[in-house]
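*Asks:* In case it helps, Swiss-Prot gives these features for our protein:
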type: BINDING; residues: Asp80, Asp82, Asp84; note: Mg(2+) binding site
type: BINDING; residues: Cys81, Cys97, Cys104; note: Zn(2+) binding site
Amino acid sequence: MNLQKISKKIDFKKGAGLIPTIIQDFCSGEVLMLAYMNKESLEKTIETNTTWFWSRSREELWNKGATSGHFQYVKSIHIDCDGDTLLIKVEQLGPACHTGNRSCFYTTLI
């Protein structure tokens with residue numbers, strides 16, 4: 001499937017051009033992080049086979065692992081039933097979280 005066909009399946013309008021993207025470990029199923037993608041970051045993710053996101057605070061694209069070396073290699077990309085959320089299954093090199101934890105979801109509330 002080409003990039004145009006993929007982009008047409010995704011509703012970027014609901015979130016002002018951004019869609020929440022869940023990153024999950026391909027082998028274990030562990031949820032590693034949540035980030036946001038725009039159309040350009042999704043295209044770069046598909047082209048490079050590594051995850052790219054839109055930083056809402058810095059207002060720029062970023063390639064996960066470009067600074068730390070903790071790249072996420074894309075194994076599969078899934079879309080939810082409403083077309084407004086992505087699930088990307090990855091092979092994670094090193095920790096996913098900037099704190100050094102494997103997952104960003106390391107704090108238990110209940």
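Any Cβ shown, glycine's included, is placed from N, Cα and C.
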*Asks:* I want the residues beyond Asp80, Asp82, Asp84 whose C-beta is within 8 angstroms of the mean position of the Mg(2+) site's C-beta atoms, in chain order.
*Replies:* Asp11, Ile79, Cys81, Gly83, Thr85
*Asks:* Among the binding-site residues listed here, Asp80, Asp82, Asp84, which has the most company in the form of other Cβ atoms within 10 Å of its Cβ?
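*Replies:* Within the set of binding-site residues, the most crowded position is Asp84.
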*Asks:* Provide the three-state secondary structure of Cys104 (Zn(2+) binding site) computed with DSSP.
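*Replies:* In three-state terms, Cys104 (Zn(2+) binding site) counts as coil.
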*Asks:* Rounded to the nearest angstrom, how far is the Cα of Asp80 (Mg(2+) binding site) from the Cα of Cys104 (Zn(2+) binding site)?
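*Replies:* On Cα coordinates alone, these residues lie 21 Å apart.
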